[in-house]
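Record features, source TrEMBL:
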- 206-537: domain 'DUF7580' (DOMAIN)
- 610-841: domain 'Peptidase S8/S53' (DOMAIN)
- Asp617: active site, charge relay system (ACT_SITE)
- His663: active site, charge relay system (ACT_SITE)
- Ser827: active site, charge relay system (ACT_SITE)
Amino acid sequence: MGLISKLRFGASTPVFDTRDIYDLLITGLSTFYDLADYIWRQLDDAEDGTEIQDFYLHFRAKVFNLKAVLVVWDPLETVQGLSTDENEVQKNILSILNELEARFWSWKGREACLACRRLQLERRNDETYPKLRALRRILPEDGNLDDSVMRDLSVIIRIDNKRADRREMLLRNLDQTLGFFYNLQPAPTESESSCPKRFSDYPLKNVWDLTRTLFKTLQRNWFCQCPNNPAHIDRKTRMNLTRHQRFDTSPRHGELLLNSQVDFRMFFPIGARALQWQDTKISVNELNHDHAEHREIKECFCNIIQGVKPGVLPRMAVSGSRLWQQQVETDLLSPLQQRENEFRSLKELLQTKRSEHTLSLSKAGGRDRLILSFVLATSLIHLFPGEEGVQTSMSSETICFLVSSRASGLDVTKPYFTASCSTPIPRPEHKILNEPHCVPDILSLGILLLEIARGTSIEYQDSQDRCVVALQCLDKWATCRDSWTWTVPDGLYRAISACIDPTHLRDNGLDKSSVKAFHKRKYIFERILFPLEDALSTAYEVQLSILHADIAQAKASAASDHYDERQQDKHMAADYWRKHLAGSNGVHDLVGDLQDLCENLSEADEKATHVKIAVLDTGLQLPTELQENYLAAGRINAEESESFLSGPKTTADQDWDIDCDGHGTCVGQIILDVAPVVDLHVARVFKRRSDLADSNMANQVHKNIVEAIDCATTKWTVDMIVMSLGFDEPIPLIRDAIEKASKAEKAPLFFAATRNDGAHKKMAWPARDHSVIGISSTDGYGSPSSFNPSENNFHPILYAFGEGVPVKVPVLNRPTERVIKYVSGTSYATPTAAALAANMLGCVRMAVKTSSRENQCIYSNLPLELQRMTGMLAVLRHRMSMEHNSGVSSLLPWDFLNLSRLDRDKILEDVSDTLKHY
């Protein structure tokens, strides 16, 4: 029942959480606005004249304006940052919630019951505003409701009352609430901050409240029954600081991140003798499932995290200050149980000498150290300690890293935070006036950032003040920072100084007695986080919008690179392979001579010899001069390239020649480099490789791929489609698209990467699809790569050069200059194989067109046979492959495709014989 109903029947006055009712109101306003718009469109002028229509026009306008003000001026932020009475804020929110709840009709009538059943609405009597909450539980994530849902909602919700005075009262209440929140806007003042971004626009500022809710709930609901486990007695956790995290500091164009839900990943201690940690997923938001799918956790917390089987991820949710168990998930990509000795604290890494151990922070590069600093500063905004919530401060002892083995190295961009969920200890009410620094948690962050920058820890004596020692270390470091092994950006120095130097905090009023957490978080955002962002951008061109994806690295198996290859022997093997491909009398010479012979053909006949390849990937953005040369030569078909990403046509997402990831650019460059016969068609189907593993984007990415396959087959009529991507299981939509394309009048050949996880996982799909040629990798000598998956005989698999493949990339801050980068993975073997197949097809087409009339009649069908999967596989396996001493045959084409095949149309004769016998 609503608030008024509860008071009417003598129930005790409920205690409301401002964030909860704010989120409920935002959702309610959005839905009621859409419903009012739907009803208004159904009305005609004859109904009550135009009185009802006018009501809906005014209602929509007032609801729109109120929501806009609420979104920009978050009432919880207002309570935290200003001296506004929270009771007044709640009173105004509740007045509109009461109005909206009262607009629901009885759900007992036949039509209403049927509508509720279709909508799967379920009221819970233990909730305030049960109808609005029931409505919120059925809303899709994107908030878009189709007309069938609107029809059912119009049966159970009556926005306009039959009585005109009730309608006027609703409009007046909306006006009054709008005026209240509008007047809370702070008067514009000339900010002294050099930060051009406003904390009020920070799209992630609400995560702090959700984090506080998480820790408060754990403190109240984790009743440990394990006296033999010290970590359980202390109720320690290790929070993953990047798994749940986004790092944008300003909202993207057209995007609003309210963060009404965050999925945290936390390790909990298990095992009494040998301490281990169990990874767990905890969602903080309103539960969106039926009661049958979750169970309240009371005194069984330890039972849930103990004894979990490998590959199983426990899930929990926080709702209504209670902790709930949810259905587990499977996660085969992440190690979910870790031993204590597989973690290293930052303090350990700082104290390890560079010469003694590979796991030393001093070995981390400047870019990674700066990313770590940015992650920690962002985390402090979300984890700032207070009377409730997180009780542990950040330090080199509480920040740690997961290192499963010494051989795996250290990734400093993925920190964990060890915090306690024990009962909060009251913090002193008054500042300690005999200490120079007024905000110890910001000082701790500054010390962390300085230690990370220096690569060594800062040691203190009991008799020393931390702030004084830190200032001395900062001065010494600043004096000699030009001699450090990595370039120290100015933004990093400004951020550290803003943390450590107490004069900066005093100048910003943080030494006052009544400073709230909001002001401290705002200071961190403006004075610490923004300078670090500036340093990342200017020194390393890091984009915050994709930083979370860069840190996470794509889970989609075949779409991720195995590693950037820097080993000298692999470089030599790559040079060997390239030398044979482009050497004297080799493949490129054969192609060049055939192209010379084609100069006498008509333009249409010459163009018909080209091989058209579509690459489905992240786009193509080569170095400017190189891309312009390819476009001018017609090697890249700009008219038949397209971005299939969703979004407004005016945004960069709609440009095929923008690549935010770089993967598609490398794939396309390999094809253009290896196959001079190819015309490249670019299909941008995902923005970053991590999109393939993002469950929130999966459906859209699958649709993009399907649309691209259809377009490449029916509109562009390409000869081949290259997909350097893969999934654990078949995607029905994509599988149907491949089958449909394979039955087209001109069916393309499909090439897909197998996987980069070695024997740990089976071959990825679609590489194992019967209509697709799967490609695994070798080095330049033909030796199979260790990261290939195990092969079985049921799928047509080929091996191609994919380990240590050279690609040209722009020099940082000098885009006109290019350097060679060596990359490895089945993702790069796939375009190599497709390009070699294209060389074969193109040479045969040109040879037929330029041969004698007699041979044209004899061999006219050869190109069509090569466009069939069976024909191409027969020629690639039996004419263009050589067996390595390992027993694996790989595509090494130069013994077949060379100038000697031009003599008496030998290439046509040999291909024809192969197709007949195999």
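Any Cβ shown, glycine's included, is placed from N, Cα and C.
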Distance from Asp617 (active site, charge relay system) back to Ser827 (active site, charge relay system), taken between C-alpha atoms, in Å: 10
Residue pair Asp617 (active site, charge relay system), His663 (active site, charge relay system) - Cα distance, angstrom, rounded: 7
Among Asp617, His663, Ser827, which are active-site residues, the residue with the most C-beta atoms within 10 angstroms of its C-beta: Ser827
PLDDT averaged over every residue in the domain 'DUF7580' (206-537): 80
